[in-house]
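First up is the structure itself, then whatever we jot down about it.
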Amino acid sequence: MTAPGIGDTVELDGLRAGNGGVMVGRHDGRVVFVRGALPDERVVARITDDRRSSYLSATVEEILESSDHRVPDRCAAATAGAGCCDLSHADDAGARAVKNQVIADLLGRIGGFDESVSSTVEMRTLTPTSAYRTRVRMPAAADGAAGNHVRSGDGVVTGARCAQPVPEILDAVGGRAWTPGAEVVAVRGDDGVVHLAERAPDTRTPRHSRSTRSRAQRSRARQSRTSVTPVEGGGVVHRRVGGRQWSVPVTGFWQAHVDGAAGYSALVAEMAAAHAPDARTAWDLYGGVGVFAGTLCDVLPSLEHVTVVESDAEAVAAARVTFADDHRVAAYRGPVAGAVRALPSPDVVVADPPRSGLGAEIVDAIAAARPSVIVHVGCDPAAAARDLGLFSRRGYVPARIVAVDAFGLTHHVEVVAALVSVD
Ligand SMILES: C[S@@+](CC[C@H](N)C(=O)[O-])C[C@H]1O[C@@H](n2cnc3c(N)ncnc32)[C@H](O)[C@@H]1O
């Protein structure tokens, strides 16, 4: 019997959840990563990639035995081939179960934790689970319509709406013709104002070939090279958490879910207050405009000083405006790696790094500062599992791990963990 290749179909059962929106099955002993399936389903899948000897990639062709959590696709763009909502065929409970399984698996395989840790992960869902996103970036197609990237490759799916953004954003974006090849940035502020901006097409030749760079890497490189033109709304977005307000540039970072900043802040508050109620000093690392610094000020009555460390100049400027009258908060502009060696030791550290996580060097520096509690906020569960494992080998173990499903219809999930010293 010859091994299956691209275009062939295989029957798979006993599927389990894998990281990145795929289910994992086996065919003739070989691992198959399948898109469009759910745990425990029996499916016929068509092979889409056979270039690696260790695994095959496939998409579901036919469901032979369906999961109780399967629902009709909830995202028109994903149904039309976009890569946006890779779990739009699961109900909310099914998506939550997938994320829980994936995190438990990663904590074991990458973090090195046993079941006594991985089985304690709490799940929290932020609602709504569709029409929740207040910030999107959309590619403009050759005909000037904005859409979503195709699931793989470089095309744009237009004329079918993604189910994640709040409808006002899509209405505003859809009413305009955009520059072909541009990136459309659309944001709804907490005051209801919709802001639109256009990032110019990137016409320069990339230094690396396309095949060696991920879409996220290409997007970051493009952001550093291209200009942004505000189109509607004024370009300064008003945001609120608790009693504080921020003015954030339209391209600046803010948590995607309408309740994300408040939802994560509530967890940061619970964890800091539980493990360091008398804290006097804190670090808010990768702090953006200082949302978590504000939270710490609100829940730690003895707090005298919190330093926001952030590399983005506009975010630091926004933080300085919001905290202009609060002597407890200082915003430091620069990379975390340099700051953590120079700052006075903290009682509380909140660290909310980009998808790549902290890594060994920063974990070492934070652990060496001997805080009472470290709150790790991680948007990539594999990187978070690695960081938590690194911390535990430096004497900080998880006291609580909460997976926040703030990304309905997708495999994405935020992992918020409180780490305390075993000494
Ligand atoms: C996931 S966001 C978190 C922002 C903030 N905690 C919030 O909730 O709004 C990560 C932030 O880290 C910043 N950043 C990325 N790399 C950095 C580095 N090496 N040093 C300092 N800040 C960095 C980014 O500009 C971004 O604002």
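Quick reminder: no glycine exception, Cβ is built from N, Cα and C everywhere.
According to DSSP, Cys379 (active site, nucleophile) is assigned to coil rather than to any helix or strand. The feature active site, nucleophile is assigned by TrEMBL to Cys379.
For Tyr286 (S-adenosyl-L-methionine binding site), other Cβ atoms within 10 Å of its Cβ number 22. What TrEMBL records for Gln255, Tyr286, Glu310, Asp352 is S-adenosyl-L-methionine binding site.
What TrEMBL records for 195-205 is compositional bias 'Basic and acidic residues'. Outside the compositional bias 'Basic and acidic residues' (195-205), and at least 6 residues removed from its termini, the chain residues within Cβ reach (under 8 Å) are 137, 140, 172-173, 176, 178-189, 221-223, 225-237, 250-251.
According to TrEMBL, the compositional bias 'Basic residues' annotation covers 206-223.
Per TrEMBL, the feature domain 'TRAM' maps to 3-61.
According to TrEMBL, the region 'Disordered' annotation covers 195-235.
Between the alpha carbons (Cα) of Asp352 (S-adenosyl-L-methionine binding site) and Cys379 (active site, nucleophile) lies a span of roughly 8 Å. You'll find the Cα of Cys379 (active site, nucleophile) roughly 10 Å from the Cα of Gln255 (S-adenosyl-L-methionine binding site). Cβ atoms within 8 Å of the centroid of the Cβ atoms of Gln255, Tyr286, Glu310, Asp352 (the S-adenosyl-L-methionine site) belong to the same-chain residues Phe253, Asp284, Leu285, Gly287, Gly288, Val291, Phe292, Pro353, Val377, site residues excluded. Spanning the listed S-adenosyl-L-methionine site, residues Gln255, Tyr286, Glu310, Asp352 have a farthest Cα to Cα distance of 15 Å. For Cys379 (active site, nucleophile), the count of additional Cβ atoms within 10 Å of its Cβ stands at 20 [all protein chains shown]. Between the candidate binding-site residues, Glu310, Asp352, the densest Cβ environment within 10 Å is the one around Glu310.
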